[in-house]
Amino acid sequence: MSSIVLTNSKKYLLNNTKNNYLINLSINSLRNYTNSEKTLKERFAEIFPEKQQEIKDFKKNYGHVVIDSVKLEQAYGGMRGIKGLVWEGSVLDPEEGIKFRGRTIPEIQKQLPKAVGGQEPLPEAIFWLLLTGEIPNEAQVKAFSADLASRSELPEHVVKLLDNLPKNLHPMAQFSMAVTALESESKFAKAYAQGVSKKDYWNYTFEDSLDLLGKLPMIASKIYRNVFKDGKIASIDPNADYGKNLANLLGFQNNDFVDLMRLYLTIHSDHEGGNVSAHTTHLVGSALSSPYLSLSAGLNGLAGPLHGRANQEVLEWLFKLREEVKGDYSKETIEKYLWDTLNSGRVVPGYGHAVLRKTDPRYTAQREFALKHFPDYELFKLVSTIYEVAPKVLTKHGKTKNPWPNVDSHSGVLLQYYGLTEASFYTVLFGVARAFGVLPQLITDRAVGLSIERPKSFSTEKYRDLVKSIITKN
Ligand code: CMX
């Protein structure tokens, strides 16, 4: 199907001739070409005016419908389960797990394009899917990979900043500082300062998001190589995909590790909008802070031990276990270790979830990767035995609503196998992956004009008055 008919979005773009990107896009949009030849930006520019209209109509017709009611315990319980956020890329079902634009993890593993010789989906394709709802073809992904690679260079002040940070500063703190320092490059911030129209926000947010995504492998690798190796990093290969470049920059060439990076980035990308990193990125972005400042805020949230840092905690907990049990991996010994953890008032890292009520499909995908590539690896066997024991212990303990393992329970073991053994770096990889989920939403937020976030808070005294008046009325 090919067409040179001007759609509304293209007319809109042509009307905004003061903007360079839009000029490029408008010229491109006159090309006689098919959907399957379009770039991500061209496709998104076509899609979002319809989405904008759809949301406008939806709000107009059904804006008055009550979609939730809130109990007092939810106000004190981390607002768990309250509906009040909009997130287009993914929805998390407590039983089925994450669905990316309606697709489960096994489905995206089958449907998304793969690298030549690779078996896992390309993370570039999940970005495309999350932003547009469409699966790109191989040529489109290849061009997108090249686009990201072309944006990878770090400004000198960011390299200097990273080189001068103390090695004992946690890699996540270094990561968020480097992303914040990239604010100097923000096209959105510059355009805003020059008085850009609201209608064009999405375009600068898009450019910043891709620039940022392109630079993340360099930042992550610089931190890894500075803290744990000799500080030197390889160059970006303009013809390689994102996962391959990331692996190579970190210093790993093994093809299975490269495939693991692709899988890792894909499945860690998005987990709907209410988790701390996603919500924080969206919240900060809602004040029109640039994608750099927004993502960096999200990364600071991801760095918490109850969220992304749980992958580091899991490894440290496993190593202590290994030290204590001295080779005795019997179920009885592991059960005792689990009870010791719980009885000392700590959480079992990698288990439980605020939404999920079954084994996290991201855990299952990683378990399957291990079963395929290294079923006899000692640490994998240990993790598998814990999987048999921990849910029963947690259920008996009776506190958590979800005794099953989450994503962080498994990721570290895979990295250990391939020699990426420095656990304090693990959350940085999660952070690179999370950018693939939160940046598409940030672009959408600006394209459809979502409002600044401002929910209502009360003091306990005010809540007392509120509860009293509600009880008296009933
Ligand atoms: N071990 C021990 N206790 C746990 C537990 C675990 N793995 N998971 C939950 N609980 C406890 C909670 O601390 C809470 O105790 P209190 O009543 O004393 O406060 C109680 O069970 C009820 O909690 P919940 O409703 O089941 O879980 P929450 O929604 O409050 O918290 C989570 C969710 C993930 C923070 C929690 O399960 C946890 O702390 N897990 C361990 C850390 C972890 O693996 N985090 C990573 C999650 C995935 C990610 O974001 O990356």
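Here the Cβ of each residue, glycine as well, is placed from N, Cα and C on the backbone.
Whatever TrEMBL says is automated annotation, not expert-curated.
DSSP assigns His307 (active site) to coil, not to a helix or a strand. The active site feature in TrEMBL is assigned to His307 (among others).
The Cβ neighbour count for His353 (active site), using a 10 Å radius and every protein chain shown, is 22. As annotated by TrEMBL, active site applies to His353 (among others).
Listed in sequence order, Gly308, Ala310, Asn311, Glu313, Val314, Pro349, Gly350, Phe430 are the same-chain residues at least 6 apart in sequence whose CB falls under 8 Å from the CB of Asp408 (active site). TrEMBL lists Asp408 (among others) with the feature active site.
For the pair His353 (active site) and His307 (active site), the C-alpha distance works out to 10 angstrom.
Secondary structure from DSSP puts Asp408 (active site) in a helix. In sequence order, Asn275, Val276, Ser277, Gly301 are the residues of the chain that are 6 or more apart from His307 (active site) and have a CB within less than 8 Å of its CB.
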